Amino acid sequence: MFCDKEFILILIYLFIVSHVYSNEGQFSTQKRLQYKNHVKQMFYHAYDSYLKYAYPYDELRPLTCDGYDTWGSYSLSLVDAIDTLAVLGNNTEFARVYTLIQNLDIERDINVSVFETNIRVIGGLLSAHLLAKRMNVSVNSTWPCTGPLLDLAVSLADKLLPAFDTETGIPYGTVNLVWGVPIGETNITCTAGGGTFLIEFGTLSRLTGDPKYERAALKALKGLWSKRSSINLVGNHINIQTGEWTAYDCTIGSGVDSYFEYLVKGAILFRQPELIYMMNEYIKAIDAYMSDGTGWFVYANYQQGLLTLLGKLDRARETLYAYHTIWRKYGSMPEFYNLAQHDCAQGREGYPLRPEHIESIMYLSKATNDDTFLFMAADIFDAIESCCKTSCGYTSLKSVKDHHLDNRMESFFLAETIKYLYLIFDEDNFLHSNGEYATEHQTSLGSCFLDTGYVYNTEAHPIDIGSLDCCTSSFIDEKSLNKNERNLLTQEQMRWLGNLLLNQDKEELSSILKRNYSLLTCSSLTFEQRFSLYGEILT
């Protein structure tokens, strides 16, 4: 717990930061354009360096100016970066890479991370597939229900599916691309590793008409829900066969965060209000047992709610200000920060060019139109440019305390960090679509509407919400499902609404329906609506 002195110091620090930005004035149109161009230059310095020094390896080592494989030898940085090329409007390079990555070799006797392969590779392939027409790539008459990158994503997902053959439906952490789950593979996985598949696997099912991918992802996600504690918290690691928690610390950060993220984004993308109900239950427990009341969220024991002074969550202004005080203190963001000691957590002092803080700024900036967040984004760009730039890319920091350089530029720097920075300054980017305008697309199955809005996977790969309706007539034929699976989502939605009717008073029910269910029935959401669904804006 905070002593009075610590509590007062933190409040003073947050007050100073908020007033520093409020006194900065307006972020001019010219300044926004300048930073937009600066971020574009940052991308091409990193991207061109990867192509020159590291391709076809997964990632660039920006101090030694060479490359190495990290997550499976997929030319990962190229796959992760292709949709950022679309964001920047580079049709020519997008088309070149679109053709190049069709030849990725996934028929190799290597072990790969199920989680990372899904979010980075399958996510990148699906996003590029759905952006192809916008980027003037020639597509056939059955697109987006068919296409070479979709075929590759399907083949790769099929290689991951054996990992889901467990007693709980929660997947193993590793598969071999030829042999399946390795002999002796551990039964222990982190919560995020079990619950971060619905966006990619659900998209595969909606585009191909094969329900097995979405079914596997939902089973894993709901398997974790079924193992929550009596106070509605989940632990950090779980035994995928027994369903027993092996790490009881509950956090909304590393090891868990994207599980919560996919509950919300899955609800939006596939219009499943039951997932929002699950997230709302988690939010109540998080607020009750993990909030310190000053914008910070801390670790808790998943059964008892015991607090320790570590944690993070991008929760509206208070939390964003709190986190940005750490950025301004160090010129970057350590992996963990100890609030009691006012210092980086020992052994977690590094900054690997992560995007989460920047992503939070993007959402709040779009939701509020407050220039405060543009100044924050400019802060971050200036710091990365000053501290992390090398002659052949951008490098992670081993320690934010002395800015000692590491020799790694993770692929997510191209996929997420730079993309979110650019989107903050590019207010007219197509990814900011809120559904006011859409493009009608004709297929052999009928017409659908594209560009109605986008949901990002946890690697910042955007999925066009409207595109998933283009192939619905071929999606999940009820005759292919067993009796218990037919109309599963409809039954669950009805059960969710029934519980609301029984347990909520009229005023509260009306409020919940307006905030949640009505938003899930349409395929386009404004930024304000999307953000309120995340629980970030409480009105």
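Heads up, the Cβ atoms here are built off N, Cα and C, so glycines get one too.
Just so you know, TrEMBL annotations never went through curation; they're auto-generated.
Taken from TrEMBL, the feature active site, proton donor applies to Glu116 (among others). In sequence order, Trp71, Gly72 are the residues of the chain that are 6 or more apart from Glu116 (active site, proton donor) and have a CB within less than 8 Å of its CB.
All chains included, 19 other C-beta atoms sit within 10 angstroms of the C-beta of Asp257 (active site). Marked as active site by TrEMBL: Asp257 (among others).
Per TrEMBL, active site, proton donor is recorded for Glu335 (among others). Cβ-based neighbour count (10 Å, all protein chains) for Glu335 (active site, proton donor) stands at 17.
Feature annotation from TrEMBL assigns active site to Glu356 (among others).
For Thr458, the entry in TrEMBL reads Ca(2+) binding site. Long-range neighbours of Thr458 (Ca(2+) binding site) (same chain, six or more residues apart, CB within less than 8 Å of its CB): Ile119, Gly123, Thr196, Ile199, Ser258, Glu261, Tyr262.
Under the heading signal peptide, TrEMBL lists 1-22.
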